[in-house]
Amino acid sequence: MNLLHKQEDQYQRSEPLVDFVLKFQAIPAEYFKSKKRVPAHLIEERTKEYIGLIRELQALKLRVTSRIEPDNKGFVLIFVSAPDELLAEIREKERVNDFLSGVVAVRELNRPPTSFTFGALSTLDGEVISPADRIRYVNYLLTNQPGISRSTQPRMVNGAGLKMNDQRFPHLVDMIPLHHQGFNSAWIRSWSNVSWRSVWMGIGDREIDRLRFHFGAQVALYFAFLNMYFTSLAPAAILGLLFWLRGELFSPMYSAVLTLWACMFVEVWRMRERKFAVRWGMTGVKNVTEPRPEFRPHEVVDDPVTHDKVEVFEWWRRELRMILSLPIVLLFVALLAGAITLNFLTEIILGEIYEGPGKQVVTLVPTILFSICIPAIQAAWHTTASFLTRYENHSTVSSFNSSLTLKMFGLQCLVPFAGIVLTAYIYIPFGERLMGTLFERGYLTRLFQFVSRQPNFQMPTQLNFEVKPARLNDQLFALCVTSQLINTFTETLVPIILRAVSRWKERLVVNKSKGALDKKERRVSFTHDQAEKRFLSQVQAEFLLPTYDLFVDYAEMATQFGGIVLWSTIWPLAPVMGYVNNWFEIRSDAFKIVTNMRRPVPKRAETIGTWLEVLAFIARVAVLTNASLVYLFQAHPKSGGWFPEVHTTLRTELHPPSDAKMPCVPSSQISTVMPSFLPRSGTSAALVASLIVAMVCELIYQVICHVVKHVLTRLLWRDSLEERALRRMQHEIRVSLLDRLEKSHDSSRAHQTKPLPSTDPIYPDRHFWDQSQDEGMSYFASANKAD
């Protein structure tokens with residue numbers, strides 16, 4: 001690779017170019033608090049460990065320097081930067097490894113942005129090392145473990161294999177890449193400009209390319225997905241607004257169009273991320289797997305293809321462990337579902353039936369129980385899910401994250417959706433019957449006696465309870481509006497408020513004792529002493545920030561997508577609320593990354609991975625929920641009002657009331673299509689019939705999805721700019737390999753053969769090929785004589 005030159009930043013840096021900062025605990029904190037003298041043997045041990053760490057970093061050809069942390073609590077900050085020549089060497093080896101792994105980088109489309117370059121490196125032959133690549137390479141050098149290959153990266157350089165609190169360096173407590181304040185300011189300023197184009201079209205592809213250039217493909221793909229989701233919600237929002245203005249709830253037309261929109265959105269994004277992968281040179285990156293340090297192989301074998309030593313853990317062993325963990329998963333599902341159901345039942349009883357003393361306080365009991373029990377179960381599940389996923393012993397980080405994502409989100413989505421399911425399929429159909437049974441058997445009386453602390457409390461002779469169908473609307477409003485506002489507030493404003501309070505407390509505390517290290521003068525390394533102090537304070541502040549986790553943001557969007565496509569037939573304004581929220585979500589997530597989170601370690605990615613399958617699954621389940629809800633709750637043409645028909649349609653379907661004015665379908669008509677072993681009358685039969693209708697609709701949906709995928713592939717991918725560029729690059733690779741092969745062999749000798757001895761054992765059919773035995777011409781000659 002040719003010599004590199006730097007692209008100048010648009011904004012002059014006031015801080016040094018640092019790739020990573022490592023935090024090393026030189027002196028235990030208890031010696032600062034108690035003012036005890038540090039033992040000499042402890043200083044000697046820490047010094048030896050520190051020197052070993054510095055030598056390990058210098059052995060990787062990294063530039064290393066250190067400073068004392070500003071508040072002097074016993075920590076040393078080790079600053080690491082990679083020379084340009086080292087970055088060029090890693091890039092060259094990565095290109096070779098990518099070629100062997102099947103990664104195709106289309107250079108004609110993979111161009112750096114024209115602005116916001118911020119210290120990128122470029123080579124004379126056109127290769128560009130972006131700031132994201134720089135951080136990624138240094139992170140690889142720091143964390144990659146040398147030794148036996150577990151992945152498709154055997155030809156990459158060996159790293160130091162650093163881990164937090166490792167046996168080699170137990171007092172290496174943290175390491176982070178630093179934010180680039182110039183880029184962050186320019187990014188937020190650019191996205192803060194509000195225009196009509198940003199309202200309707202969202203963020204342009206150039207902005208996404210800049211994110212990929214600075215934060216890497218994984219973060220850029222999230223914002224690309226969020227931006228497309230925002231723009232794709234516009235037609236769904238308009239559709240929902242029209243049906244809401246007309247007062248058409250549980251509309252078959254709205255549900256059909258919405259489920260078709262969900263299918264098209266998933267497939268369009270599938271094509272979209274494929275194009276991004278081509279443009280960013282990420283096609284085939286999934287074949288380059290990142291090894292997981294905690295992987296424990298069953299044996300070490302020779303790879304039958306590459307003949308390298310590889311660590312393996314047979315697939316059936318991992319699948320067997322997954323099966324063994326299934327009872328634990330089901331236990332937590334039952335526990336969470338039971339807690340939600342019990343809380344739901346308590347809320348109905350205390351909120352809609354109880355009329356005793358202290359009602360205003362008693363009605364808060366379900367909320368308190370929910371806020372205590374559900375987070376506790378979720379926290380326990382998070383710990384258990386991490387343990388189970390580690391027990392599965394995944395060899396790569398991607399497979400580990402995929403398995404953990406499915407476990408975490410699978411249980412997490414029960415919390416927002418379970419309440420709507422209970423209301424739609426239990427509370428409205430069976431609510432009156434269930435409460436009547438509890439009343440007749442005296443359970444309600446004993447419960448109210450316990451709640452009111454009055455042993456003589458008596459229920460009225462007749463239960464005055466009526467199902468409130470508007471509860472469905474309220475729950476969906478809470479999911480699509482209230483929870484979104486709370487999430488934005490907690491993600492964006494709460495961390496800022498907490499940091500402000502923390503700084504205010506620190507200013508009130510007067511530190512009377514200063515360590516001897518504070519009194520020593522330190523040499524100024526760049527600009528002047530005040531600039532270095534500000535820089536070190538900024539580094540210290542970034543160490544206090546949490547690590548950015550894409551799971552949280554993807555889970556939030558997947559939950560919102562589920563709320564819209566699964567349940568918005570109840571309240572068609574849900575897409576409108578999602579559209580408005582996502583305009584702010586794009587900007588609040590950007591603000592959150594630069595203000596409230598550490599700088600993400602860049603990672604390559606060609607797809608959003610498991611989340612795409614999650615969205616496809618949600619879209620498929622949406623057909624079942626929409627079909628069943630429309631079947632059960634669709635308003636009769638002659639019924640009036642907005643929500644009374646939700647209550648009456650289900651009952652007039654198979655359980656007609658005494659009111660003769662409300663038409664109903666005779667149960668005999670339904671019973672003709674119901675199997676004999678299923679209920680044929682009453683509310684249960686209506687639910688069974690709705691399930692059958694939903695299953696039929698789901699089969700139709702599968703056919704439609706295949707057609708949509710077929711059409712969109714040809715419209716959006718076939719013969720597109722990215723598809724042509726990819727085919728051209730693959731063709732050029734094959735041609736270049738053929739040219740090299742022809743140059744390396746003498747063409748005159750390549751086609752020469754050495755004759756073998758002409759003996760009958762080797763050529764047993766020699767007599768067959770003797771030209772004297774050819775009968776074709778003799779046949780024509782004999783035919784001519786016959787004429």
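Using N, Cα and C of the backbone, Cβ positions are placed for all residues, glycine too.
Here TrEMBL flags 18-146 as domain 'Anoctamin alpha-beta plait'.
Feature annotation from TrEMBL assigns domain 'Anoctamin transmembrane' to 212-713.
TrEMBL lists 219-245 (among others) with the feature transmembrane segment.
Residues or ranges marked as transmembrane segment by TrEMBL: 251-269 (among others). Remote same-chain residues near the transmembrane segment (251-269) are listed as 225, 228-229, 232, 235-236, 239-240, 243, 561, 564-565, 568-569, 572, 575, 612, 615-616, 618-619, 622-623, 626-627, 629-630, 634, 701, 704-705, 708-709, 712, 716 (criterion: CB distance under 8 Å, separation of at least six residues from the stretch ends).
If one looks beyond the transmembrane segment (323-345) by at least 6 residues along the same chain, the residues whose Cβ comes under 8 Å of a Cβ in the stretch are 366, 369-370, 373-374, 377-378, 380-381, 384, 388, 391-392, 407, 411, 414-415, 418-419, 422, 427. Sequence annotations record features per position, and here TrEMBL assigns transmembrane segment to 323-345 (among others).
Residues 325, 328-329, 332, 335-336, 339-340, 343-344, 346-347, 350-351, 404, 407-408, 411-412, 415, 451 of the same chain lie 6+ residues outside the transmembrane segment (365-388) yet bring a C-beta within less than 8 angstroms of a C-beta in it. The transmembrane segment annotation in TrEMBL covers 365-388 (among others).
Residues 332-333, 336-337, 340-341, 344, 348, 374, 378, 381, 385, 434, 467, 469, 471-472, 475-476, 479, 483, 551, 555, 558-559, 562-563, 566-567, 570, 614, 628-629, 632-633, 646-647, 650, 687 of the same chain sit 6 or more residues outside the transmembrane segment (409-428) yet have a Cβ under 8 Å from a Cβ within it. Positions annotated as transmembrane segment by TrEMBL: 409-428 (among others).
Look at TrEMBL and you will find 608-633 (among others) tagged as transmembrane segment.
The transmembrane segment annotation in TrEMBL covers 684-708 (among others).
The region 'Disordered' annotation in TrEMBL covers 744-769.
Long-range contacts of the transmembrane segment (608-633) within its own chain (CB-CB distance under 8 A, at least 6 residues past either end) are made by residues 221-222, 225, 249-252, 255-256, 258-259, 262-263, 265-266, 269-270, 273, 398, 401-402, 405-406, 409, 424-425, 428-429, 469, 554, 558, 561-562, 565-567, 569-570, 645-646, 649-650, 653, 686-687, 689-691, 693-698, 701-702. Sorting each residue of the domain 'Anoctamin alpha-beta plait' (18-146) by its DSSP state yields 56 helix, 25 strand, 48 coil.
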